[in-house]
Structures are given as structure tokens and as C-alpha cells.
Amino acid sequence: MVQYHGAEAAQRFLLTVMNMVYNMFQHKSLGVKINIRVTKLVILHSRPEQLKVGHHGERYLESFCHWQHQEFGRLRYLGTDHFPGGWEDIPPVDTAVLVTRTDFCVHKDEPCDTVGIAYLGGVCSAKRKCALAEDNGLNLAFTIAHELGHNMGMSHDDDHATCTSHSHIMSGEWIKGRNPSDLSWSSCSRTDLENFLRSKASACLQQTDSRSRYQIRLPPKLPGMHYSVDQQCQILFGTNASFCSNMEHLMCAGLWCLVEGDAACKTKLDPPLDGTECGPDKWCRSGKCVNKTPIPQHVDGDWSPWSQWSVCSRTCGTGVHFRQRKCDNPPPGPGGRHCQKANVEHKACERPPCPNGATGFRDQQCLSYDQHGSKNKGLLTAIINDEKPCALFCSPVGRDVPVLMADRVMDGTPCGPYEADLCVNGRCQKIGCDGIVGPTAKEDHCGVCNGDGRSCKIASGKFTHTKGMGYIEAVIIPAGARRIKVVEDKPSHSFLGNDAQV
């Protein structure tokens, strides 16, 4: 890309493309707003020795995934043998995309029409969170959005019988002449994404790294405001190309360009970028020439108020409830920062103690299934799998034959018979001293939740008694005291005792 665009132009082009990708993932048809952030942009002026570039797409992708993991997937030591240094704590990425002008094919070591390849559901996986995208001009944004969709568990619409009738972002083939901003996500893509977000494979997407200062701001303007119509022709056909002025009346439907030395104009059927001027106070939007409207200014997202706590997950004993909030007060605009921290918070809730002899919570979940998954109480008992404590394994009564009945137990299920940790969203979670799920709040040595350790009252004294028979009271230790230390200064024939009261 550097040889074709130049380093500065390549960076500008890629950030404009990622702005378009951001807007695609904000489309209401997706159901869930996925906020795309660029945390690191690496312009390669030469090929790294460890990166094997070639036409075979699968090998190319595998090599890139390995290279990006070695370079950016872990801590790197900045010192040398002679000059000690610290460790560079690189902020983790959820997925890495390599944009290349090398023509590759998925299964063959030869050029073909393939423009992108990615691991299905690979996001968050250290060595599978990768995608390749061929720089094919103005449609690069569509390619990246499509491959990121694969990375987040979306298959092709062609793989679903109900989603083949229309052209969407996850269609198996790109329809020439369609503007990326005019495309939406199919209902099948939406379902695929929702299922993926419920799985453990999406864990990194539920977290926002606190080092978001590394975020690179995306251009807030429409892409056509950054590139003139002549510059767009040069992206498609090289530096000697310019816009065909005699096609101006149709320019928003398709970009026609004239290459110096050619007799006729030519096109790739790609519409110009949204925001391209098509007349006085007019610009192209979704393939049409329309009146200009104001562009929203750069806006960082902020949280709405928390919702009310949900009903406790259990009717007796310890369970969990949750509350949630949305990043819509206001929502982040193009290039704006997304809200920090989590949008859902779980907290332990205490119900009246369960009656003696009551069926355990995990057993109750097993009792609602028989071996075929249908409701038929009284046949199964719970078995805890140490490797998967938050999955529901059940066994027929009297037999030790565990069967996986559900990938996750109900929220609030204890991780084990002697543990205080609880299962939430299929993961074993610690409970903070404030009751919030997650190892965030801890008691200081004074016993104060999230305290600074300065509130302790230290009491000390000395007991001296020379003679006496029976028990003699030395000190009364108040309730709540901690870190109690009793020291015998010298040998004595007496014994120390305590009368504990709870």
C-alpha cells in the first residue's frame, strides 16, 4: 500500500475507510451497536521477515496471525543487554486486520477474485483474531466490515435459507454498483452476532480497556469530504486518472474516470464516496445526489442512568441480580470515544435461607430435564465438573454418568459445594466486599470495603498478675476486632484461655 498510495496518503485513506466501517457497525439493522476503535495503525514500508506474503490466502492469513501475535499480542521488553529498560504494555486488540494489495485466493496459490478472508468467530482468540483485506479501492470498507463480521461469528447469508433473497453486508458476493453506505445487515447476521455475544468466545468484546488513550481518532466527516472526485478516480485507476466531466449528471450512481492516454472513460461500477460534491450545495449520499445537511460534530459517548436492579435469580439463599445502562447520553459520534467500563453490573442478593433438606439450586436445574432434554422431574441429579464448574452436568440418579445438559447454569449458582464464588453468564465470578460481581472491591486490613487502611483504631495493653486461682479475666476483646496478637513476654506456669461468644 505504501508503494501505491504513499505512507501519509495510505494512513489517511485507511482512517477514512475505518470511519466508514464504524458507521456500518452502527447501522440499526445489526440490532447491537458495535463500536469500532482503531487502537494501533502500523504502516509497513517493507515486508517483515516473519510475515510470509503470497497468493495462498489461508497461508497468508495464518502467517499474519502468527506475526501480529508475536509483535503486538504480548508484553515486549524495551531494553537491551547494555541498556536496561521497562516493558511496553501494549493495549490488547480484539482483532487485527492486514490491508494488502497482494491478490490472494482462499485455497489456491494464485490470484483470483477473493478480496477478504478471516477466521470465523476468531475475535478474542490470541492466534485467530485476524483478517486479510485486499485494497480494492473505495469498497475496502465493505470488505473489512464483512471480514470483521466473520471474526464475530457471522456466516455468509448464503448459508441461511431465509437470507439469500437480498444483498446485505454478509452476502457471499459483492454486487457491483452497490454503495457500502446503502447496505444493511441481514436478520441472519443479527442472529449470528447475538448468539456469538452470548458465548464465552466473545469475552473480550464485553470489556473496554482502561488504556483507551491509545485510541486513534477517526475522521468525523463524510469520506467524500476528504477525497475529491478526481482523487477517488486516482485511488481506483492510478495517479493519471481523473473524473469524466461529461458523466457528471450520473456521477452519484457510478464513478466514471478517464486515464491519461485512453480514449474512453471507464468505471468499476462503484459509486463515489458519501459526501462527494455533485452540484451546488449538493452531495452524494447512498448513490443519490441530495441537498447537503449539517454533519454532527465530534461527540464522545456517555452513560445513561443505571436501570433498576432486576429480580433476584433465586427465591432462597444467595443469588444475583443485575442492572444495565446504555451508552446513549449522548451516543458516541464518528471518531468519538465510547463509554468506559461495563454496561451491565451484577450484584449478589440475599433471600431468606433455604429450608433444611431443600433440593440444591443446581439439582433443581437438573430435575427439570430428562436424558432427552424434555421436562420430566425426578430423574437426574447434578454433577460438578471441575474444569467447567458453570456448565450444567447431570447424571441419572444412582449412576455416575454425567451428561452436559446446558452450556451454562443459571446465574447465582455456586461454582462448587464449598465455594462462595457464583456463576454469572457462564463464568465463575468472585464477589467483591460490596456485593458486586467481579474482583474489584476488597476489604483493607481495617475491614473497610474499598478502604485506604487508615481507619483502624489500634488498642494495646499489658496484663500483669502475680498470683491467683482459677480463671482471671485479662481483657475483653470487642466484636469486630481483627489482627489480634497475644504475646507471652516470659515463661509462665499459667495457661492462656478464651471464652468465645458469637
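Glycine too: its Cβ is placed from the backbone N, Cα and C atoms.
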Exercise for the section: Regarding the disulphide bond with C349, report which of C312, C316, C390 TrEMBL records as its partner. Expected result: C312
Practice task
Pick out which of C130, C163, C188, C204 TrEMBL lists as the disulfide partner of C65.
Solution key: C130
Handout entry: Second cysteine of the disulfide that TrEMBL assigns to C252, among C204, C233, C265, C284
Key = C284
Problem - C265: disulphide-bonded cysteine as recorded in TrEMBL, out of C244, C289 - result: C244
Practice task
Please average pLDDT over the domain 'Peptidase M12B' (1-209) for the predicted structure.
Solution key: 82
Problem - Proximal but sequence-remote residues of the same chain as C130 (disulfide bond) (Cβ under 8 Å, at least 6 apart) - result: L61, F64, C65, Q68, T95, A96, V97, L98, A118, Y119, G122, N151
Practice task
Could you tell me which three-state DSSP class C65 (disulfide bond) falls into?
Solution key: helix
Fill in the blank from the handout: Filtered by Cβ under 8 Å and at least 6 apart in sequence, the residues in the chain of C244 (disulfide bond) near it are W256, C257, L258, C265
Fill in the blank from the handout: Cβ-Cβ distance under 8 Å, sequence separation of 6 or more, same chain as C112 (disulfide bond); the residues meeting this, in order, are D103, F104, C105
Practice task
Please report the number of other Cβ atoms within 10 Å of the Cβ of C188 (disulfide bond).
Solution key: 21
Handout entry: From binding-site residues H146, H150, H156, C204, the one whose Cα lies nearest C289 (disulfide bond)
Key = H146
